[in-house]
Every structure is written in C-alpha cells, then in structure tokens.
Amino acid sequence: MALEVDLILIQKLFTSLIIGLIIGLEREIAQDKADRIKSAGLRTFGIAGLLGGTAAFLAQTEPFVFVGALLCMSILVAAAYYRSTILEPHLGFTTELSLILTFLLGGMAYFQDAVAVILTILVTILLAFKQPLHEFSHKIPKDEFYDSLKFALIAIVILPILPNKTFGPMDFFNPHEIWLVVVLISGISFVGYFLVKWFGPYTGLAMTGVVGGLASSTAVTTTMAARTKELKGMEYSAMVAATLANVIMLIRVSFLVSVFYPILLTRLYLPIGFMFLAGLGVAAYFYMNASKEIASTKSIQIKSPFRILPALKFAAFFVIILLISKLASAYIGSSGLYLTSLIAGLADVDALTISAAQLASQGLAEPFVATTAILLAVFMNLGVRIVYAYYLGTKKFGMYTIGMAAVMVAAGVLVVMLMSYA
C-alpha cells in the first residue's frame, strides 16, 4: 500500500514539474527571440512548478507551508525583477508573473491535475501569441470594443440573473424569456455587422439571414431595413437576407410543430412546403441581382453593431402580444385563437405555433383550428414585414418586400384552397 501511495505522489509531482517545463520552454524561446536579459528560463520554471507541487503536499499536514512558500517565492521574484530593471529599465513583468502562476499551477496539480494541465496549456498559448494579440488589439476600433462589452453585459451578466418564472395576470410575464428576446434581436444586429464587415455585404448579409432566421425572421427584416439606409444601393443583398430568414422561419415552424404535436404536420407540410420553395425562388432572384448591385457599389460604411433600443421596443410589443394571446385563448375560445394568431403574427410566430400545437395536443383545439391558426400567423407575419420594411428601410426595399411577401403568401393560400376542394 505504501508503494502505491508513493507512486501516486510521484505522478502528481511529475505533473507539477511538467507544467513548469512547458511554461518555461515558452518563456525560454520568447526571451531568445527578444534578445534580452533572461530573468527566468526552462530550469527555473520547472523548479517553480515542482516547488508548488511539493508545497501542496506538505500543506496537508502544515497548512501554512504553501502560503509561506508562495510568499518567499514572491519576494525572490520581486527582488530579481528589481535587479533586472536596473540593467533594463523598460523590462516587462510577464515572465515574473508567469513564474508565480507556475508555482500555483504546480500546487493545483497535486489536487486537480487535469484542470491544472488545461490551465497550463491556455496560459502557454496566451504567452506564445503575444504579437498576434497585440496586433489584434490595435486593429479593434474603440466603438466596436465598447459595443461588444455592452452586448456581453445584456447577454452574459443581465440575462442569467433575471428570474426564469412567470408573473402577472395569467402568468404571462417571464423576465428571463422577455430579456432573451432582447438579446436575440440585439445579437442578430451584432452578428450581422461583423459578417458584413468580414465577408462583405454580398455574402455577409446572406449569412445574416440564415443565422438570424434561426432566432427571429422578423428581427432580421427590421435589421435589414435599417441597414439599407446605411448601405446605400444594397437593397438586393438585404432582400437576400430577409427572404432567407423567412425561409428559415418556415423550417423553424415545422420543427416546433414536430416537437409539440407532430400530427399537425400532415396538414401543414404542403402549404409550408410550397411557401418554402417559393421563398427559395425569390431569394435566388435577389441573389442573382445582388451580384450586379455589389459591382456598382464603390464603398460601404456600416455603423456600430450594438442597438438595444429597437430590441427593447420589440420586446415590449412581444409582452403585449403574450398578454392578449392569453386573454383571447381563455375568454373567446377557437375564434379567439384565430384572433390571437393574427395579432401574434405582427411580432413573431414561435409563441403562437407552440401554443396552437399544445392546445391541439391537449384536445383543447381541433387540429384544423390549430393548423389554420398557425398558417394565419405565418401569413400575417409575412405581411407585416411590408410595414417594417417600408417605414424602417428605403422605399425600394419596401417594394421588394411587398413582392417577396406576396409570392410566398400566394403560394401558401393557393395550396390551402386546393386542399379545401380536394
């Protein structure tokens, strides 16, 4: 048993040593390339890692050993750094700080070797990519950096702390879900900005339509409408994004129905399928014309990516839609579901699609009623794009949106009429 314990201890200390050698090798190479005074190299870092592991082992019986060793090492590193700065006043502190971190990682390896190794690799990568990281930081515009922080604030800080439960009459208000709408719409604009910047408007806007359509096709349309006022003469490219988002929306509706009540797909697949094909045809038309549009466009100026005000307005409207939907379903019945679908279609179709499918699965609505409600929401959602596009974008974009919505709705209505007579 004693031999087994010793082997485990040796393995842990060896891991601590390897951690130090990995970071030390990177520092050795970096200092050779910089042609400067070596403050610490391969051997020093290896010893620091091993020292951390040994201190962690001894700290199991004497807890203050690790703290004392860390304090002594910090003093030695500080003294060595002071001595080095006398010879080279502008010397950085990265190597010295890495040495202390190596000691800590060596100690961590005694208790959590896998985590320590992962952190070691990340630290080594961070140290090795000094030049690319510096170049990248200088290339980032200040506005883009600040807007990225703002988006991180609403998506990573605010969203997780909001309560994920319902409030208000009929439990219609969920702060977490409502704020998620804000994050999604802001995210579409945010991602779309960088796609256009990196890939150009021709490809970037098309990618925005596909990616954004997975979240909210209505938000994509409003975002593209606003973009047409910034990207002058880019209506065709913006229409590619808006149309593809609508096509993706049809896929999303079909997926939601398949999850909550798959039987409804037997009634939906023909109208949804023909609308899907019509949408692809319209997107192809705009895509072919977009190439000519790009060739005639000399320069493109795009503004900052973060736009929270339109997202907040959209979220407020979404809350109103949810409340009306709850009230209509509760007090009006089937006709209320039709009314709700028309109202919900003004914002988005996801909530209505889920509600209708759930009502049908629970026997609270006939499959025909649920199917009709979903199609009404889709038709209304496509129709309301005209308003968003015409008043938020250029007139040309608005006219193109009328054509796109008319073709897709006509395809769906035609199939529904043929099915009713079959």
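Note that Cβ sites are derived from N, Cα and C of the backbone, with glycine treated the same way.
Marked as transmembrane segment by TrEMBL: 6-25, 37-58, 64-82, 103-129, 149-166, 178-196, 202-226, 238-262, 268-287, 308-332, 338-356, 368-391 (among others). Per TrEMBL, the feature domain 'MgtC/SapB/SrpB/YhiD N-terminal' maps to 13-135. What TrEMBL lists as domain 'DUF4010' is 183-393.
In this chain, the transmembrane segment (103-129) touches the transmembrane segment (37-58); three or more CB pairs sit within less than 8 A of each other, excluding pairs fewer than 6 residues apart. Within its own chain, the transmembrane segment (268-287) has Cβ neighbours under 8 Å at 206, 236-237, 239-240, 243-244, 246-247, 250-251, 253-254, 257, 371, 374-375, 378, 400, 403-404, 407-412, 414-416, 419, counting only residues six or more beyond its boundaries. Long-range contacts of the transmembrane segment (238-262) within the same chain, counting only residues at least 6 positions beyond its ends with a Cβ under 8 Å from a Cβ of the stretch, are 192, 205-206, 208-210, 212-214, 217, 220-221, 224-225, 227-228, 231, 268-269, 272, 275-276, 279-280, 282-283, 286-287, 290, 349-350, 353-354, 357-358, 360-361, 370, 374, 378, 381-382, 385, 389, 393, 397, 400-401, 404, 408. Highest Cβ contact count with the transmembrane segment (368-391) among the listed stretches 103-129, 202-226, 338-356 falls to 338-356 (criterion: pairs under 8 Å).
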